[in-house]
């Protein structure tokens, strides 16, 4: 039971989160518990005016980016634009209380918005039944938060690790292409547009609707798109000018809105946002559908968007934490993001997480704590209460330009190039995810990404590497004869290294294609060499280097015993070298160590070869 307890602790509590509570008084334990659950009580007492000044500047800076992006991403999710602003108000305040990252800027993001829009529109039309669609969006957001918080509470964050970096590169690049293609409707002023998101129907719809293209819309869209891309390029070339790209979206919205208002009689065909209601987030708890026939799609959408937003949020948070050299607790982040989405679903918000673009601006603007999120929320509050009528004449084309500028950075072609150079299998996984999203659908692309990641895990688990080792002359070091040309095989010995755990998932493969296949091939090669050189010494010993075997189960133990019997039938001795503590313990408990004898187990390959060679030499001298 002690060993089981220790093993469970290593799996689920590797950081030993309760060590701070040991040998503490009850009031101290309560305070530590409060600080653990609500981190603001940990850093809040040390907060000062100097930190506040930095957070106010950074908070107002990211607010200038969050307001136009919130409106734009809501439309990407097929939701009313006001929902995007609601989602930039309540969730950041929740995260400021519960989050452990100092630089994560919270709000709607493009990928989660796209996935939610694509999955929900397969069940309900956002135009034909907008009320039901809105209810499903809030319900999906609630289940996304519930799923995220559960992962953090149960310390099951490793679940999201099944989305590998390679598949995420392909998925996000494909999603960026799909998002950009969807914005052609706004950039060209098209009224009748396909509801599908795959590249072929979208391109087809664009050219079939050529008679709907609006000249003024295209001119305005191209102009502001060039401005936004230019400011992005400037900030990338000179990080000190981060404020240029940060202020560009809001400045573009103001300029486009003024142009639309002043020249509305000349800008025919340029569609505007229209009326946006003033006021705080209305409660939406009564809009959550827990007994609807559409509950299944809401749960599925919530889990998928929850995984994606959680992956993005934690990745962004840890990235900037490493740059600023402070720790981020992944499980706390999951609970914080989950809590803000559950609360958000009850206050007219949809799925939110940490945005890389806003977090980068927050970091460069000098944010010191999560108070910057509160400042951003305060700026959004002022907008909701007093400034909403000013967005009435905002052209939809500027929102399309903002979205394209934001998602274009998701196409990481350099990362794809590195994948091709380093690992072709990773590149294949990346390509499969990209093709699935662009040519089939976003849900299918995500399924392909998860499937390819799982396939890679199973491939490495069930097809471990087993290599033949040779001695580096003049040393006691043994390395792969394939990797090291100078490595020499030792006469009478076959040395095989297994580079994985040995258990039920790979024991059959190791038996049929690992040990025995290699042994029989080496025996054949040895016999041919003996015959060619007219030597008398043959293969007598098979040494298995178990340095990399971190674990073994009963199937693996049976495999070793079966291989030992097979080799004995051929007058060969099986020798184990350097098994780890856990492996040794299980071999001892299964009484398998007795089968190998005193000359069948050694602490290293060098010791095994030296000891057995000396015994053989002594035996020959006696004879």
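Each position is counted from 1, following the chain as shown.
Using the three backbone atoms N, Cα and C, a Cβ is placed for every residue, glycine included.
Unlike curated entries, TrEMBL annotations are predicted automatically.
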Message: For the annotation transmembrane segment in TrEMBL, which listed range does it cover: 274-293, 294-313, 314-333, 334-353?
response: 334-353
Message: Which range is it, out of 107-131, 132-156, 182-206, that shows up in TrEMBL as transmembrane segment?
response: 132-156
Field: Annotated transmembrane segment segment (source TrEMBL; candidates 162-181, 462-481, 482-501)
entry: 162-181
Statement: TrEMBL record, transmembrane segment, of the ranges 60-76, 77-93, 213-229 the matching one is 213-229
Field: Considering the transmembrane segment (213-229), which listed stretch of 334-353, 374-391, 397-415, 427-455 counts the most C-beta pairs under 8 Å
entry: 397-415
Query: Apart from its near flanks, which chain residues at least 6 from the ends of the transmembrane segment (132-156) lie with a Cβ under 8 angstroms of it?
result: 12-13, 77-80, 83, 116, 120-121, 123-126, 284, 287-290, 292, 294-295, 297-299, 301-303, 305-307, 309-310, 330-346, 348-351
- prompt: What is the average pLDDT across the domain 'STAS' (483-612)?
  reply: 81
- prompt: Among 241-263, 374-391, 397-415, which stretch has the most Cβ pairs under 8 Å to the transmembrane segment (162-181)?
  reply: 397-415
